[in-house]
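Visitor: The structure's right below; bear with me while I get my questions together.
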Amino acid sequence: MTKFIFVTGGVVSSIGKGIVAASLGRLLKSRDYSVSILKLDPYINIDPGTMSPFQHGEVFVTQDGAETDLDLGHYERFTDTSMSRLNSVTTGSIYQAVIMRERRGDYNGGTVQVIPHITNEIKERILSVAKETNPSVVITEIGGTVGDIESLPFLEAIRQLRKQVGRQNVLYMHVTLMPYIASAGEMKTKPTQHSVKELRSIGIQPDILVCRSDRPIPRGLKQKLSEFCDVPVECVITSQDARSIYEVPLILEGEGLAEQTLKLLQMEQRQPNLEKWQAMVQGLYSPKHTVEIAIVGKYVSLGDAYLSVVEALRHAAIATQGDLQLRWINSEDLETQAPETYLAGVDGIVVPGGFGTRGVDGKIAAIKYARDRQIPFLGLCLGMQCSVIEWARNVGGLAGANSAEFDSTTKYPVINLLPEQQDVVDLGGTMRLGVYPCHILPNTLASKLYQAEIIQERHRHRYEFNNDYRQLLLDSGYVISGTSPDGRLVEIVEYPQHPFFISCQFHPEFQSRPNTPHPLFTGFVQAAIAQSHPTANFQTPVKVS
């Protein structure tokens, strides 16, 4: 029987429920339990695919093409398990499903209500994850904060589910804040007490409290929370601020979170195997070489817009013993200032994905700077398209070359709409999404990095390289190193007369993991370190020359 763990949050938003859920998943998996993690988001959007990155952060794409919350990226990276569209549920998708049933007449003329129809649909979504993959444990994170009106149907559904599947098969975990008041010189339990009171008024008694704090919580305060919140003192867990999110599983293991979870769910206690994770964290905290990477993007005012890119760079830095320093550059600034004003001194340049014409010329300027100055460059999705435009304009002799997305009247549309996108009207969920195979050509940088002929990568785009210009770019020295298996779609391009210059149409950042960094990122960071540390000795199998 699958066990169900529900993670709620109180006191403040952005308290770190996703990291707690992902960390618990890591701890259970280290004990050889299979885990799937589900996110319930209370917003009315069907999915985050059409939401602004400035509001929502990045859109994380699963293997099966679902556009999901960035927390699913944490789930995948921490548990090293691929999630699917079943692992992401929004209020909008719940209401859409119920309303479609009502329109079909499935409710036989009955009045459709939040209880039972909406709550039943929520419960069915949770149970479907267990049915699909039959994991030992399904961890469900409920978005928002207890007390928010938007979250009430989700909380009611998980309250009902305990009776439905059996009390011994459900655990409620509440993540709260324990603030330290400097003027009083003490930590305060009252916010947590009130948050638990709010949760109990809904009918949910938490089994475990995970208390976020910037310092250790004294035993006396844990005892106080135990008495006021009716939780065993050993189930009051400190989640102290860490230097890195990857240290959190180790902190929670030291607090006994997994042990208490297994005890409450009546599961077998097993010894954890966290040696590789501990070694990874140790590597993160003991770098040998400083490496500064510029991220030239359109949404840099919100770092979460490029969360998976940053984490993939971090994974690669760990593998290459690099101390990663990021220089965030708004691509619009490069449209009015010389690139060296912002890019001078960086060891590598990443141009990530995005949509729309704003800031594109700045991205193209950054790419030209990287190519001219022999600075390692990695282009992702839109970054790949911009690299093709830059080459076509400045090397291929196609003055004014552009993407049809940015200029529908351009004389040289080197990037064009995918044929299957021609008649698409709706924006949501209609792009080329999810995993597609890619054939790697031999004797290329891509083949040296991947060490494989066929790879699988995740996509999210409507536009592609225009094959009408394939031969022209090849003749001018550009190399196409990855295509769809039928050779029709160009997926990877590179410039061989350069220390490291490669771009891909897909999003490799979505498949990078702390202990298995993505080869494109590892090769890129290694090349960037070599810029400022030519004698660096890398303990990594990646060879880029």
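Note: Cβ is positioned from N, Cα and C throughout, glycine not excepted.
Pulled these features from Swiss-Prot for this protein:
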type	residues	note
REGION	1-267	region 'Amidoligase domain'
BINDING	SER13, ASP148, ILE149, GLU150, LYS188, THR189, LYS190, PRO191, THR192, GLN193, LYS224	CTP binding site
BINDING	SER13, LYS188, THR189, LYS190, PRO191, THR192, GLN193, LYS224	UTP binding site
BINDING	SER14, ILE15, GLY16, LYS17, GLY18, ILE19, ASP71	ATP binding site
BINDING	ASP71, GLU141	Mg(2+) binding site
DOMAIN	292-534	domain 'Glutamine amidotransferase type-1'
BINDING	GLY354, LEU382, GLY383, MET384, GLN385, GLU405, ARG462	L-glutamine binding site
ACT_SITE	CYS381	active site, nucleophile
ACT_SITE	HIS507	active site
ACT_SITE	GLU509	active site
Visitor: If the L-glutamine site is taken as the center of the Cβ atoms of GLY354, LEU382, GLY383, MET384, GLN385, GLU405, ARG462, which further residues of that chain fall within 8 Å of it by their Cβ?
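Guide: The answer, listed by sequence position, is GLY353, PHE355, CYS381, CYS386, SER403, ILE415, HIS461, TYR463.
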Visitor: Between LYS17 (ATP binding site) and LYS188 (CTP binding site), what is the CA-CA distance rounded to a whole number of Å?
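Guide: About 20 Å separates the two Cα atoms.
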Visitor: Just how many other Cβ atoms lie inside 10 Å of the Cβ on LYS190 (CTP binding site)?
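Guide: The answer is 11 other Cβ atoms.
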Visitor: What is the number of other Cβ atoms found within 10 Å of the Cβ of LYS188 (CTP binding site)?
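Guide: Its Cβ has 14 other Cβ atoms within 10 Å.
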Visitor: Given a separation of at least six residues and a C-beta threshold under 8 Å, show me what packs close to MET384 (L-glutamine binding site) in the same chain.
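Guide: Residues satisfying the criterion: ILE492, VAL493, SER503, CYS504, GLN505.
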Visitor: Taking only the residues in the region 'Amidoligase domain' (1-267), give me the average pLDDT of this model.
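Guide: Computed over the region 'Amidoligase domain' (1-267), the mean pLDDT is 95 on the 0 to 100 scale.
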Visitor: Taking only the residues the record lists as binding CTP, namely SER13, ASP148, ILE149, GLU150, LYS188, THR189, LYS190, PRO191, THR192, GLN193, LYS224, what is the largest Cα to Cα distance between any two of them, in Å to the nearest whole number?
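Guide: Among the residues the record ties to CTP, max Cα distance equals 31 Å.
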Visitor: Nearest to GLY354 (L-glutamine binding site) by Cα distance: which of the binding-site residues ILE19, ILE149, THR189 is it?
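Guide: When the Cα distances are compared, ILE19 comes out closest.
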